[in-house]
Amino acid sequence: MLPSSDEITRYSTTVCEQVRWKKAHPGIAKEIEDHLCDQRDYYLSEGEEEETATEKAILQMGDPVSVGLELDKTYKPKPQWILILLTVTLMLVGTGARYFIDSSEASLRNFSIVPHIIAIAIFFAAYFLDFTTLAKYPKAGYSLILLLSMVGLALGPEVNGRAWFAFAGFAVSLSYLALIFPLTYSLLIYSMRNKGTKGLLLCVIGYVPYGIILLLVPSITGFVFYTFSAFILLFVTVRRGWFGGSKKTGLLMVLIPAALGAISMISIFLLQPYRLQRLTILLDPSSDPRGYQTTVIRDLISGAVFIGKGTIPQQYESTVLLMPGIDTDQILTLLIHNYGWIVFIGITLLFIVFSILGFKYVSKQRSVLGFLVSLSILLIFVMQTVSYIAGNLGYGLLTQLSLPLVSYGRSALLLNAGLIGIMLSVFRTGDVVQDGGQPYVKDGSFISYENGKLIINLKG
Amino acid sequence: MIDKSLITGSTTTLILKLLEEQDMYGYQMIETLAKKSDDTFHLKAGTLYPILHNLEKEGMVEAYEEKAEGAKIRKYYHLTSKGRKLLKGKQQEWMEYTAAVNKVLNGGVSVALI
């Protein structure tokens, strides 16, 4: 390193000191130092002494304080007021809904505000968290979650045919792993920058273990959500040229997880034909005794009014509302029945606005890291919402996981609160995030001429 | 030497125009601008970067890192379609402005610019 580098570092430090947003510092410092070095090298090539060359380069750049102050105007985190407001509103709707369920006469539970307060705390903690920490150990993050889910699967009890994980009085369904997998999978993709076909192949292979875990839980919904997210995430990264190499081969390889997912689903339906009946039940619920719940949902909804309490169809007694699970899994159905369609429209609108704004901000992400992290979270958010709403209207093809922030269930509430917090943290600070890893190397010529220097590229 | 205030107003336009032809990194832009203007425009790097970063924030340019011919990794800037539109508008504005100035300077007679 040339001794003049100290002068240059001192200059860039002074510039950065004027920029209040610390996260922007590394990017600014690097660009300014690079520039000064280029300028100094130019003066050196003109025959100047090193000290003079550095001085002249710094002089050419201008006063560091005023440069820093100018940059400070550009670098400001973007507080996500609208999305925060929407998140908090959805959480309040969830709290209200839970209060409504827990305080009903038939309920054996006691309403507690504590989980909701914890959820909001987790949300804000994640919002202010530096999400780039996630990218520091992407492969370790991917493996840790895989290991934890394997342990959970091996040791956890089975409840209603599904694996759960119980720890210190807190139990969580392993189906919810589907909410986390896309995020950690996106980090694996992120770590493969410019690793070419090999990197992409590792991502394709990396898709498999999480998929198997979800099939073992078993959570078909989780598997479908995860497979779909993995496919989309891989597709968009290949299109962005993240892996380097041929995009065409890349796009063909992306089809592998999609094909594997489809093959798994077909095998499951062949091995467990009763799962296919879900489709026939949807088409004609009365044809099968297992379609009873679907029939009830549709009948309750057909008796609903726009504003106010709907009527319970004659064939049912009023105890139909006490059907097991209806108060926890069909919260929208119950709200439609009790308060009218207007409540449903209101809640759905909140979700629609949230999702549209989400996609808008995801598409604006400059860094691949910010883009992948926020997209993986948003996809899971939207898929949970759509499948839950479809199920609550009596048209759910997949078993619903949860209605983010609103539906009953502490684990889902806390997980979604954390994930949404991370996504909003990306929207807030994503502008200054710089992707790590080796940038793409253009096929440069063997000999090139730059800034008065003849460069012979021996590496090819 | 041209009065500085004349240059300041048009710097953004000049930067956008440079990027219209090819993606460049900061140092390259200053060099190219000096070359193209027969050494009339010696843009200070301290002026260039705040403008570039602001253009990036507004979505007019996109930045990406790339190891080009040399060994160094450079931060290249690329003009987006939004940036192209802005350039078009700015060029139009500049033409109208200079035409008006010329008209006055020529005692109210409009002259062809080019």
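Note that Cβ sites are derived from N, Cα and C of the backbone, with glycine treated the same way.
A TrEMBL annotation is a machine prediction, not a hand-curated record.
A quick note: this is a predicted structure, and the numbers were derived from the prediction, not measured.
Per TrEMBL, the features are:
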type     : residues  : note
TRANSMEM : A:81-101  : transmembrane segment
TRANSMEM : A:113-129 : transmembrane segment
TRANSMEM : A:141-157 : transmembrane segment
TRANSMEM : A:163-188 : transmembrane segment
TRANSMEM : A:200-217 : transmembrane segment
TRANSMEM : A:223-239 : transmembrane segment
TRANSMEM : A:251-271 : transmembrane segment
TRANSMEM : A:339-362 : transmembrane segment
TRANSMEM : A:369-390 : transmembrane segment
TRANSMEM : A:410-427 : transmembrane segment
Cβ-based contact of the transmembrane segment (A:339-362) with the transmembrane segment (A:81-101), 3 or more pairs under 8 Å: yes
Long-range Cβ neighbours of the transmembrane segment (A:410-427) (under 8 Å; 6 or more residues past either end): 78, 80, 83-84, 87, 91, 94, 115-116, 118-120, 122-131, 134, 170-173, 176, 179-180, 183, 358, 361, 365, 370, 373-374, 377-378, 380-381, 384, 401-402, 404
Stretch of maximal Cβ-Cβ contact with the transmembrane segment (A:113-129) [cut-off: under 8 Å; candidates A:81-101, A:141-157, A:223-239, A:251-271]: A:81-101
Beyond the flanks of the transmembrane segment (A:369-390) by at least 6 residues, Cβ under 8 Å: 131-132, 134-135, 178-179, 182-183, 185-187, 189-190, 221, 225, 228-229, 232-233, 236-237, 240, 332, 348, 351, 354-355, 358-359, 361-362, 396-398, 400-404, 407, 416, 419-420, 422-423, 426-427, 430, 433, 435-436
Other parts of the chain folded back onto the transmembrane segment (A:251-271), taken as Cβ under 8 Å at six or more residues beyond its ends: 197, 200-201, 204, 207-208, 211, 215, 220, 223-224, 227-228, 230-231, 234-235, 238-239
